[in-house]
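Quick paste of what TrEMBL says about this protein:
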type     : residues  : note
DOMAIN   : B:66-279  : domain 'ABC transmembrane type-1'
TRANSMEM : B:12-35   : transmembrane segment
TRANSMEM : B:70-91   : transmembrane segment
TRANSMEM : B:103-123 : transmembrane segment
TRANSMEM : B:151-174 : transmembrane segment
TRANSMEM : B:202-223 : transmembrane segment
TRANSMEM : B:258-278 : transmembrane segment
Amino acid sequence: MNTPTQTSLPWRIARHTILMTGAIIYLFPFIWMLSTSLKPADEIFMSGFHLLPQKWAAWENYTTALTQVPLLRYLLNGIIVCAGILVLQILIALPAAYVFAKTEFRGKRLAWALVMLSLMIPFQATAIPLYILLYHAGLLDTTSALVIPFIASAFGIFLMRQFFRGVPNDLIHAARLDGMSEFELVWRILMPTAMPALIAFSIFSVVWHWNDFFWPLLVISTMDLATPPLGTMFFMNEESGTNYGPLMAGTVIITLPLLLFFLAAQKRFIEGVTLSGVKG
Amino acid sequence: MRIKHTQLALLLGPSMVLTVLLLVLPLFIVAVLSLTDWQFGANTWNWIGLSNYAELWQDDTFRKSFINTMYYLVMVSVGSIVIGLGAALLIESHSSLRAFYRTAYFMPVASTLIAMALVWQFLMHPSAGFINQVISWFGLVPQNWLKDYNLALPSLAVIGIWQMSGLAMVMFMAGLKNIPTELRHASLLDGMSNPIDRLFRLTLPLLGPTTLFVVTVCAIRSLQVFDIVHVLTSGGPNKATEVLLHTIYNEGFSFFRMGYASAMTVIFVACIFIFTLVQQAGMDKRTHYA
């Protein structure tokens, strides 16, 4: 609801002035990145701000970026790792969420306390033991090392349980009367009803692991196995941080997938990312 | 509803076993390791009780790192909350360009931070950076933002605020939506027609629980700062940007002093736990509101 003062012209002008200034500042790094990625080296170091280059060097910059380091390989690795983590997280968390939401059993309070405790543990806290464990299992510097630590998502259980609690018991009784097993019940009845929550969780999970830098940095040393953030670091070292044209072209390629995803599905994306507020 | 034991084991077993193996047990191992002098790769180790913690107390690097992290936490949390709240209130106050503004302020949250860190490094470049150009237009002295002892940490905090305020903003927007419109109608009928008046006497008090939540989220996230430090400054110059996770990383994975790094990790977890407990206490309060 707008009040008279809030629709008055001076107020509207003030609102736009403040918000537009902020928006330009917030968007500026993206504009600068894109603009630099199109320019040849001599123009990059020219003073003043020119949005478009006088002499286009987009082709050179982007081909250099793509050939210097295997950028597309990093993106593919990112997709593989995120998909692997997400599928396993769902496979493991959904049945557990159903059990917590809809059944009674001995030790339920204790098991739930375990889930709640896990919610509070920041991932970095487990890095040292998991590193040692993977070292002894001979799994360091493999894709599995990027996936395994994350497959038990307490947050996934927590979130899906909240949703499953709202599913009518009659639906479950009816399915059982139809002779459905508990497993079929989870995957054929409950999962379809939980799609909104599942999508939000998926976005949360994918964004989190796509952007994670700490863990890949610890366990991956082979360039070809890097995910996009780690690849960015390799790329920066390769370019020794001075050849800004190709460097910015590379960052465009790295940031684009997630940004396009965000622009295409903003509401859902914001929903998913905001969940990270609940999980520290 | 009751289900059979075998079914229970199959449905719940995998998640519980993995949670214990991947989260609870590692946390326990960290606590145990923190009481030893174990180094990665060494065959022997000794119980040394609380010596690691005593050493931490004396360790200048750790002290510096702890103080820096808290300094960063306060700067980024306050900055993100002020900008996030301001943006949320202004954007929601009128419908014009609302979607555009929300997208613009949220874009940094949706981007890969490590890649954007490279862009910021370029913007903050001492000679070619755009920020120094702008500064010299105004006749001010250009700075070496990331390499100056006094400026490096605030510069990283600017990047942190840029990245986090969009998240604070959408959480405040959600909080604003929860304020019943009847209350605003009532306040208008009661003659509270001055928007500033209404902001301080109605909106902000009702946003209290949301604010507590946003504060803890920002604090927990700031405590976990690592990426931009590792890529842009490596903790330098002269430890000016050394932060907890970076110190843990160095001790544990560069020097392989796992026992000592574990003791730091315990402190780190304790800090996060404190904020989580505050958050949960606040959430309980929020349910009383509703």
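Including glycine, each Cβ sits where the backbone N, Cα and C put it.
Caution: TrEMBL annotation is automatic and unverified by curators.
Note that this is a predicted model, so its numbers are computed, not measured.
In terms of burial and nearby residues, how do these features look in this structure?
Cβ atoms under 8 Å from those of the transmembrane segment (B:151-174) belong to residues 68, 71-72, 75-76, 79-81, 83-85, 87-89, 91-92, 102, 105-110, 113, 116-117, 120, 124, 143-145, 207, 210-211, 213-214, 217-218, 221-222, 225, 228-229, 232-233, 236-237, 240-241 of the same chain, restricted to positions at least 6 beyond its ends.
Outside the transmembrane segment (B:258-278) by six or more residues, the chain places 27, 30-31, 33-40, 45, 48, 52-53, 55-56, 62, 66, 212, 216, 219-220, 223-224, 244-245, 247-248, 251-252 with a CB less than 8 A from a CB of the stretch.
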Which sequence positions outside the transmembrane segment (B:202-223), separated from its termini by at least 6 residues, show Cβ-Cβ distances below 8 Å to it?
69, 72-73, 76-77, 80-81, 84-85, 89, 160, 164, 167-168, 171-172, 174-176, 178-179, 183-184, 187, 192, 244, 268, 271-272, 275-276, 278-279, 282-283, 285-286, 289
